[in-house]
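These come from Swiss-Prot:
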- GLY10, ALA11, GLY12, LYS13, GLY14, THR15, ARG124, ILE133, TYR134, LYS197: ATP binding site (BINDING)
- ARG36, ALA57, LEU58, ILE59, GLY85, TYR86, PRO87, ARG88, GLN92, ARG158, ARG169: AMP binding site (BINDING)
- CYS127, CYS130, CYS147, CYS150: Zn(2+) binding site (BINDING)
- 30-59: region 'NMP' (REGION)
- 123-161: region 'LID' (REGION)
Amino acid sequence: MIVIFLGPPGAGKGTQGKKIAKKIDLPHIAVGDIFRTIIKTSTSEAELINNYVKQGALIPNEIVNQVIKVFLLSSKYKNGYILDGYPRNLEQAKFFEAFIQKPQIKIIYFDVADELLIKRVLGRYSCKNCGKIYNIHFLQPKIEHVCDVCSSSVFDYRKDDNKEVIKKRIKVYKTETYPLIDYYKNSGNFYIVNANKNEQEIENDIQKILKIN
């Protein structure tokens with residue numbers, strides 16, 4: 001089974017992707033994390049991608065498509081996965097469908113208010129060791145400065161997150177992705193979750209969609 005999580009930055013896709021992936025025993029692929037890893041390398045591709053990210057612009061389709069294609073060729077994804085953050089527009093969706101040639105896809109769209117998105121994105125950070133996501137407003141570690149999962153005390157605050165860049169990313173996202181939502185609505189496998197809810201409520205709604213006990 002392939003599950004696609006669609007939604008703007010800060011909608012909660014990454015948090016839910018990790019939790020649901022464990023429940024259905026499928027890998028969670030966070031496309032944003034893939035590109036952040038590439039950016040850390042000393043290559044011309046990394047520099048090019050980083051320029052788009054800093055401006056709040058979407059990375060060109062031809063770059064995204066090829067990176068995802070190479071990534072998904074790994075044998076560990078042959079039985080399915082949760083794909084978080086891709087495709088983001090019609091061109092990417094059609095490329096993806098032609099590449100995978102599998103009919104069993106479920107698309108879940110995270111619908112959330114812009115004001116809440118901005119607050120979530122500005123407040124989020126993660127454990128540098130295990131990747132557990134936290135938020136200064138909504139989800140702090142149980143013990144201050146100690147990760148709940150791995151007990152690390154080293155955290156990563158994303159440098160590309162500031163209010164103006166986030167607003168631009170949301171605007172660009174809507175322009176690019178709303179036509180994709182209309183496209184998927186007619187697929188018969190498109191679902192909407194209210195991502196204004198709290199983390200547990202969103203997880204419960206996704207479990208119902210995927211029929212997880």
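Including glycine, each Cβ sits where the backbone N, Cα and C put it.
Structure with Swiss-Prot features highlighted.
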residue: GLY10; record: ATP binding site; Cβ within 10 Å: 25
residue: ARG36; record: AMP binding site; Cβ within 10 Å: 17
residue: GLY85; record: AMP binding site; Cβ within 10 Å: 23
residue: PRO87; record: AMP binding site; Cβ within 10 Å: 26
residue: GLN92; record: AMP binding site; Cβ within 10 Å: 20
residue: ARG124; record: ATP binding site; Cβ within 10 Å: 22
residue: CYS127; record: Zn(2+) binding site; Cβ within 10 Å: 21
residue: CYS130; record: Zn(2+) binding site; Cβ within 10 Å: 13
residue: TYR134; record: ATP binding site; Cβ within 10 Å: 17
residue: CYS147; record: Zn(2+) binding site; Cβ within 10 Å: 21
Per DSSP, three-state class assigned to CYS147 (Zn(2+) binding site): coil
Lowest local Cβ density (other Cβ within 10 Å) among binding-site residues: GLY12, GLY14: GLY14
Distance, PRO87 (AMP binding site) to GLY14 (ATP binding site) (CA atoms, angstrom): 15
Beyond the flanks of the region 'LID' (123-161) by 6 or more, those residues with Cβ under 8 Å of it: 10, 14-15, 18, 33, 36, 53-54, 198-199
Candidate nearest GLY12 (ATP binding site) in space, where candidates are the binding-site residues ARG36, GLY85, CYS130 and distance is Cα-Cα: GLY85
Fewest other Cβ within 10 angstroms of its own Cβ, chosen from the binding-site residues LEU58, CYS150: CYS150
Zn(2+) site, defined by CYS127, CYS130, CYS147, CYS150: further same-chain residues with Cβ within 8 Å of the Cβ centre: LYS128, ASN129, GLY131, LYS132, ASP148, VAL149, SER151, SER152
Helix, strand and coil counts within the region 'NMP' (30-59) (DSSP): 21 helix, 1 strand, 8 coil
